[in-house]
Amino acid sequence: MAWWKAWVEQEGVTVKGSSHFNPDPDAETLYKPHQAGPLWALERGCWGQPGRTNEQAITDVLTRRSNMQRQQIAKSFKAQFGKDLTETLKSELSGKFERLIVALMYPPYRYEAKELHDAMKGSRDDVSGFVDPGLALQDAQDLYAAGEKIRGTDEMKFITILCTRSATHLLRVKCTRNLHSYFAERLYYAMKGAGTRDGTLIRNIVSRSEIDLNLIKCQFKKMYGQTLSSMIVGDTSGDYKNALLSLVGSDP
């Protein structure tokens, strides 16, 4: 039933956006003219130091707005201040926090295209033969949507996937079944052990936050006996950690 599907999808979303959204004040919050250059401030004239960046203000605005709302903020930012918001963010931020925030600013289709382009550098997958289970799962969904699910066929989608993935990867696509288990597994192994696969962590949290991240969180806890947020706390730090936790939301 359509109402049940809509309810489940809404329950799965961790980032729902602002119900009383106005892009202009958000754009103003993200920019304050100053003689030393852009100054990020939580409220105009109240926070931050000249030439410094207030990362918490950026987190508060951008992780609590839907992607569609972020695009409207970017348009307002450009109209009001004559600057590209994403490029301004890149110039003001650095490291993993920059990578996460910039990922949030891409429209979903552009973000997916960028990730595909990055993954394709050097040929199909990488020479080690590593298969990204989350990418395999997404490919399985895309192939279903491009062919079996709807009338007609999206030939370009088939060509892109079948011509750029390894045989091992395509075998994984065929075997992919449980959506939330695979994404829970992907997030777990992005943080398990020494070091963090930040690209995998960012890509999954950003791309699923407006789809089914709440459901993935429940599956994560069921599979691994701990919450996704607790693992993020133990494996990341600083503004990067805070922004991830804001996107993930409260524990199930």
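Cβ atoms are placed via backbone N, Cα and C, with glycine included.
Summarising the annotation, TrEMBL assigns Ca(2+) binding site to MET191, GLY193, GLY195, ASP235. Residue density at GLY195 (Ca(2+) binding site): 9 other Cβ atoms are found within 10 A of its Cβ, drawing on all protein chains shown.
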Do any residues at least six apart in sequence from MET191 (Ca(2+) binding site), in the same chain, have a Cβ closer than 8 Å to its Cβ, and if so which, in order? ARG197, LEU201, MET231, ILE232, GLY234, ASP235
